[in-house]
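Here's what Swiss-Prot has on this protein:
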| type | residues | note |
| --- | --- | --- |
| ACT_SITE | GLU134 | active site |
| BINDING | CYS91, HIS133, HIS137 | Fe cation binding site |
Amino acid sequence: MSLLKILYYPDIRLRILAKPVKEINKKIQKIANDMIDTMYQEEGIGLAATQVNIPLQIIVVNTMEQKKNNLVLINPKIIKKEGDISIEEGCLSIPEYQASIPRSNYIQVQAVNLDGEKIEIEAKSILSICIQHEIDHLKGKLFIDYLSKFKRERIQKKFEKINKKNKKFSIKE
């Protein structure tokens, strides 16, 4: 396994629309496993392939403390939403910033697993939030897009300033 490089806001590659995975093969399995390793290394609970500059519809999630509970969803699609919940979210691509974002408390998701099987899962609370957050990434959407224009502009200026200082980000929005 190898660690993947996470893209940081305001890198425009975070806005790329992910393409569906056509075939589950060893390359896709390696990408998913590398994403899991990267998620743990960065102490996250979810990661979308677009966050590591892979424009494919793959997300990995684990909201539990045991590493055996990894959830890999390929070509995920939310088919049902219910209820409302809003808690502070963070993002590996927007480090050290959290905001309370409105989400659905309960979702049903159709996807394909790493064995190529079609699956349907139900998620609520933190797992629901995490899956919605990662699926947003596949659509080129960031959690800060739900904030007011004023807050988004402040965040962008902050990260552009960090970019200039650390030269961490190379591509701007």
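Backbone N, Cα and C define each Cβ position, glycine as well.
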Item to complete: For CYS91 (Fe cation binding site), name the DSSP secondary structure in the helix/strand/coil scheme.
Response: strand
Worksheet, complete the sentence: Same-chain shell around Fe cation excluding CYS91, HIS133, HIS137, C-beta within 8 angstroms of the CB centroid, reads GLY46, ALA48, GLN51, GLU89, LEU92, SER93, GLU134, ASP136, LEU142, PHE143
Discussion item. Just to verify: the residue among HIS133, HIS137 with the fewest other Cβ atoms within 10 Å, which of the binding-site residues is it?
Written reply: HIS133
Discussion item. Can you tell me the CA-to-CA distance separating GLU134 (active site) and CYS91 (Fe cation binding site), as a whole number of Å?
Written reply: 9
Worksheet, complete the sentence: Cβ-Cβ distance under 8 Å, sequence separation of 6 or more, same chain as CYS91 (Fe cation binding site); the residues meeting this, in order, are TYR9, TYR97, HIS133, LEU142, PHE143
